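These notes are about the structure you will find just below.
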Amino acid sequence: MSAVLDNLPIYVTGLAWTLLLTLIAGSVSLLAGTLLAAARISPVPLLRAGGALYVHVLRNTPITIVFFFAAFVLPQLGISLSYFTFAVIALSLYYTAFFCEAVRAGINAVSPGQAEAARAIGLGFGQTLCHVILPQALRSVVPPLINVLIALIKSTAVASAFGVAELLSNAEALANAESNAVLWVLGATCLFYLLLTVPAGLLASYLEAKLVFNS
Amino acid sequence: MSATLLFDHPGPRARRRVWLFNVIALVAAALLAAGCLYALHQRGQLAGELWRVVLDGDFLALIGDGLLATLKVAGLGMALSVLVGLALMAGLMSRRRWVRLPVRGWMEVFRGLPLLLMIFFVYLGAPALGFELSTFWSLVIGITLYNSAVLGEIFRAGVVSVHRGQREGGLAIGLTQAQVLRIVLLPQAVRRMLPVLVSQLVIILKETSLGFVIGYTELLREGRTAVEYLGGQYSIPVYTAMAVAYIALNLVLSGIAGWLERRLR
Amino acid sequence: MSIPSRLGKGLLALCATILIGGASLADEFPADSTMHRLAEAGKVRIGVKFDQPLFGLRNLRGKPEGFDIRIGTLIAEALGLDKDDIVWVETTSANREAFIQQNKVDMVIATFAISPKRKEVVTFAGPYIITGQDLLVRKGNPLGITGPDDMAGRKLCVINGSEGRNVISRNYPKAIQVGFDAFSKCAEAVKNGSVDAATLSAAVMMGYVSKEPDAFELVGKRFTDEPWGVGVTKGDLPFCEFIEGTLRQAAADGRYEKAYQETVGKYAKDNPPLPPLDPCS
C-alpha cells in the first residue's frame with residue numbers, strides 16, 4: 001500500500017502524459033478520420049480506393065508494428081522528432097482508420113432520403129456532406145466514437161515500449177523498484193486507467209440510451 | 001446508404017473534375033512513395049542483401065512457428081471470448097437487478113483496462129493467489145477477460161436491435177426468456193452483428209502480439225528475436241514481413257467471415 | 001543382413017553404451033541429490049535468455065547460442081548428459097526467480113546478477129563472469145561522454161524494468177530517461193541520434209558494437225559491478241557446490257576459456273579468468 005502512496009507523484013506524472021497522448025492523438029485522428037471517411041464516399045474513384053486501402057492496411061496491422069515504423073523508419077527518412085511525437089504519429093495513423101470506420105457507419109445510418117433531398121435542392125457533394133449528412137450522422141456516431149476513444153486511451157500503453165514515460169512505463173519501473181509489492185503497484189495502475197475509461201464508457205452508454213429514446 | 005446516393009451521376013464537367021482529382025491523388029501518392037523510397041535508398045535500407053533475409057529458409061521456418069503460436073492463442077482466445085461474451089450478454093439481459101448490475105460493473109472494468117496491463121497482472125498475480133499459469137494461459141485468460149467484455153456489449157447491442165415484436169411474439173407463444181433469447185433473438189442478431197464481430201476477432205488476432213510483455217513467443221516476438229540475432233539494420237525488412245503476415249492472416253479471417261455471412265443470408 | 005541394418009545395430013549398441021555410461025554416472029552422486037535425479041532422468045531444464053546477444057540469443061533455427069548456453073552445456077556434460085538432453089526454457093528478467101521457485105526449471109543461467117535481494121529466494125553458484133553497466137554511444141563519441149555524470153540533461157536510453165534503469169533513477173536522476181522494451185531499439189535510437197547514449201551490461205552491449213563497429217562504441221567505464229551467477233533452488237547447497245566444482249574444473253582444463261573465447265571473447269578481445277567463486281549459501 002505504501003509502495004503506491006509514496007509514489008503517487010510518479011503515477012500522476014505518468015497519467016498526465018497518457019492524457020496528453022490521448023488528447024492530441026484523439027483530436028488528430030478524429031479530424032483525419034472524418035476526412036478519410038469523406039474520401040471513402042467521395043465521387044473520386046482513386047480517393048475511394050486509396051481510403052479503403054489505408055483503412056484495410058492499418059486496421060489489420062498490430063499497433064506495435066505501426067509504432068515501430070513511426071519510431072524507427074521515420075528517422076531513416078530524415079525525420080527526427082521526440083519519441084512523444086512519434087507516439088502521437090503512430091496512434092494517430094492507427095486510430096484514423098478506426099475513427100474513419102465509425103464515422104462512415106454513422107453516415108450510413110442517416111436515411112437515404114436526406115441525401116436525395118439535398119441533391120434535389122441542388123447541393124453538391126461537399127455541401128450535402130457538411131450541411132445535411134454529417135450533422136445528422138454525428139448523433140448516432142457519438143457512442144461508437146467514444147468506444148474508439150476508450151480503445152485509444154488503452155493503446156497509449158504501447159507507447160511505454162517506445163520511449164514515452166507514460167502511466168504503464170512508470171508503473172513498470174515502480175514494479176521493479178518495489179519488487180515486494182508488485183501486485184499493489186499494478187492494481188493502482190489499473191485504477192488510474194479506469195479513472196479515464198470508465199467515465200467515458202458510462203458517457204457512451206448514456207448517450208446511446210438517449211439517442212435510442214429520441215429516434 | 002451507398003456512396004453513390006451522395007452525389008449526382010457526373011455530367012461532362014463533373015467527370016473532368018473527377019478525372020483531375022484522380023490525377024492529383026495519384027501524383028501525390030506517387031511523389032510520397034518515391035520520396036520515402038529515395039530516402040531509404042540513400043541510407044542503404046533497400047540493399048538487396050537486407051531484404052533477401054525474408055526469403056531465407058530458416059527465417060521462414062521461424063515465422064511459421066510464430067504463426068502457429070499466434071493462431072493457437074488467437075483461436076482459443078476467440079472461442080473463449082465468444083462463449084464468455086454470450087454469458088455476459090445473457091447476464092446483462094436478465095430481468096433481475098442483482099444479476100444485471102454486477103455484470104455491468106464487471107464489463108465496465110474489464111473493457112476499461114489496457115490489455116497489456118491485464119496480461120501482466122494475470123501472469124504475475126496468479127502465483128500470488130497460489131496457482132501457476134503458463135505464459136500461454138496467462139495470455140489466453142488476459143485476452144478473454146478483455147474481449148469477452150467487449151463482445152458482451154456487442155452481442156447486447158445486436159440483440160437489442162432486433163425488432164421488439166420478435167421478443168413479444170416469442171413470449172406470447174409461451175417460450176421462456178432464455179428460450180426467446182436463444183431461439184428467436186440471437187439467430188437474427190448474429191447476422192447483424194457479424195461485421196462488428198469479425199472486426200473484434202481481427203483485433204484479438206492482433207492482440208496476441210502483446211504477449212511479448214510476458215515472453216510468450218508468437219509471430220511478432222519471433223520477428224523481434226530475429227532482428228536481435230541479425231542486427232538492427234535488418235529491422236525494416238523483418239518488420240515489413242511481419243506486417244504483411246498479419247495483414248494476410250486477417251484478410252483470410254475476413255474472407256472466411258464474408259463467406260459465412262453470405263451463407264447465413 | 002544388409003549393411004544399413006548392421007549400421008543400425010551398431011548405432012543401437014553405441015546408444016546403449018552411452019545410456020549405461022549415463023546410468024553409472026548417476027550412481028556416482030548421492031542418491032537423494034539433484035545431480036542424481038537429473039542424471040537418472042537424462043534430462044535437464046535450463047532457463048536462459050533468448051534475446052541477449054553473446055549470452056543467450058536464439059538463432060534463426062530457434063536454438064539459443066552464447067556464453068550462458070555454453071556454461072549450461074558444461075554443467076550438463078558434468079552430469080553425464082548430452083547437448084540434446086538439455087531443454088532450453090526461455091526466461092525473462094521478470095520471471096527468473098519465479099521459475100526456480102515454481103520448479104519450472106532446474107537452474108537459471110540468464111544474465112542473472114547476484115544480489116542480496118535475490119539471494120533471499122534463490123541460491124547462486126558462481127559468479128561465472130563479472131560485468132557492469134557501461135554507456136553505448138555513437139562512433140567517435142561526438143558529445144565526449146565519459147560517464148553517467150555527463151548525461152545530466154541528455155537523453156539516455158534504458159530498458160524498462162531493468163537494473164540499469166534503477167541505477168540511473170537512483171544515482172543519476174538528472175539524465176533524461178527514454179525507456180524501451182528491448183535493447184535493439186536503444187541501439188537503433190543511438191545510431192540515428194534520437195538519444196545520446198544507452199546503458200546496459202557492458203558484456204551484452206559489446207555484441208552490438210561487434211556487429212556494427214562503424215556505428216557504435218563503448219565509453220569503457222563501468223559504473224556498477226554485476227556478478228552473474230547460476231541460480232538454483234534456494235538451499236540446494238550440494239547442487240550449488242557441484243556447479244562451482246564444475247566451473248573450477250572447466251577453468252583448470254581450459255574449457256571455460258574456450259567457451260568465453262568462442263562467444264564474448266570474440267568481441268571483447270580479453271581473456272578474464274574465472275572470477276573467485278562465492279561460497280554456496
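The backbone N, Cα and C atoms fix where each Cβ goes, glycine too.
Per TrEMBL, these features apply:
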type	residues	note
TRANSMEM	B:20-40	transmembrane segment
TRANSMEM	B:60-88	transmembrane segment
DOMAIN	B:67-257	domain 'ABC transmembrane type-1'
TRANSMEM	B:109-130	transmembrane segment
TRANSMEM	B:136-155	transmembrane segment
TRANSMEM	B:194-216	transmembrane segment
TRANSMEM	B:236-260	transmembrane segment
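Comparison of B:20-40, B:60-88, B:109-130, B:194-216, B:236-260 by number of C-beta pairs under 8 angstroms to the transmembrane segment (B:136-155) places B:60-88 first. Most Cβ pairs under 8 Å to the transmembrane segment (B:60-88), among the stretches B:20-40, B:109-130, B:236-260, belong to B:236-260. Long-range contacts of the transmembrane segment (B:109-130) within the same chain, counting only residues at least 6 positions beyond its ends with a Cβ under 8 Å from a Cβ of the stretch, are 138-139, 141-143, 145-146, 148-150, 153, 207, 210-211, 213-214.
Remote same-chain residues near the transmembrane segment (B:236-260) are listed as 40, 45, 50-51, 53-54, 63, 67, 70-71, 194-195, 197-198, 201-202, 205-206, 209, 219-220, 223, 226-227, 230 (criterion: CB distance under 8 Å, separation of at least six residues from the stretch ends).
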